[in-house]
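Presented below is the structure to which this report refers.
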Amino acid sequence: MPALKSRRRNTLSVDLLNHAFQYGRLMRLDRPIGTWLLLWPTLWGLWIAGKGHPDPGVFTVFVLGVIVMRSAGCVINDFADRRFDSSVRRTRDRPLASGKVSPVEAIVLFVALLLVAVALVLTMNRLTQLFAAIGALITIIYPFSKRYIHIPQLILGVAFGWGIPMAFAAQTGEVPLLAWLLWLTALPWIVAYDTIYAMVDREDDLSIGIKSTAIFLGQADVFIITLLQLLLLIALVLVGQMAGMGLWYFIGVGFGAI
């Protein structure tokens, strides 16, 4: 009997570890590049709003918030795409598509992550909380938009750049014109890199009826991506002028262009 109980405990431990591993994959904890892509424009907002010295408390909340909301976004994205992902070579082994995590488990995990995000944003001012609520709504809308509009990457751009007005709201208590210009600056960059990402799945997406800018642009994809990158550089220069940035900022933009 003791041996049987020990075996059951070991089996339970293995099952729990396997579930934790699959939840981690569902949240893309094994692929942190997405967190960096969401964090980067948020850091733009924090540094410019804080005039080079963001509040440490605000900085901490925003970094944690980015990690949590990126995870939540991945969960709801895979929930929305669970019936499509099994037909796409790159995504067929995802936890939901492969049946390793159930849809109910995914929703519970998504709600839990949202509650953590709510707890974080409640430490901020009311304006930041309002923008956070709008951002959460956009996060939910994006994965479903791929079924209805030809440029869902634009919705992703809105979502991934939303940390910018939130950063200004948290740092300064307002969202000035500069914040919106910086937010618009992030859009072409996000649309460009996610269009490149979508180009990998173009054939699979066409066969299952999923829409993307890679499909919409067709043979003009590389040309439009180049224009978007050029637009990004021009916008960064305008932001630097409006924010009164020094020479090193513009040198940095120049090196970025290279």
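Glycine is no exception: its Cβ is also placed from the backbone N, Cα and C atoms.
Annotation comment: TrEMBL describes 33-50 (among others) as transmembrane segment.
Annotation source TrEMBL lists transmembrane segment at 56-80 (among others).
Here TrEMBL flags 101-121 (among others) as transmembrane segment.
Taking Cβ pairs closer than 8 Å, the transmembrane segment (127-144) reaches residues 65, 69, 72-73, 76-77, 79-81, 114, 117, 121, 152, 155-156, 158-159, 162-163, 165-166, 169-170, 173-175 in its own chain, all 6 or more past its ends. Residues annotated as transmembrane segment in TrEMBL: 127-144 (among others).
Within the chain carrying the transmembrane segment (151-171), a Cβ under 8 angstroms from the stretch's Cβ atoms is held by residues 37-39, 41-42, 44-46, 49-50, 54-55, 58, 61-62, 65-66, 73, 124-125, 127-128, 130-132, 134-135, 138-139, 141-142, 145, 178-180, 182-183, 186-188, 190-191, 194-195, 198, 211-213, 216, all 6 or more beyond its ends. Residues annotated as transmembrane segment in TrEMBL: 151-171 (among others).
Feature annotation from TrEMBL assigns transmembrane segment to 177-200 (among others).
With a threshold of 8 Å between CB atoms, the same-chain residues lying at least 6 positions outside the transmembrane segment (221-251) that come near it are 48, 177-178, 181-182, 184-185, 188-189, 191-192, 195-196, 199, 213-214, 257. The annotation transmembrane segment is assigned in TrEMBL to 221-251 (among others).
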Under 8 Å for C-beta pairs, could you tell me which stretch among 33-50, 56-80, 101-121 has the largest tally with the transmembrane segment (177-200)?
33-50
Under 8 Å between C-beta atoms and at least six residues away from its ends: which parts of the chain pack against the transmembrane segment (101-121)?
19, 22-23, 26-27, 61, 64-65, 68-69, 71-72, 75-76, 78-79, 82, 95, 128-129, 132, 136
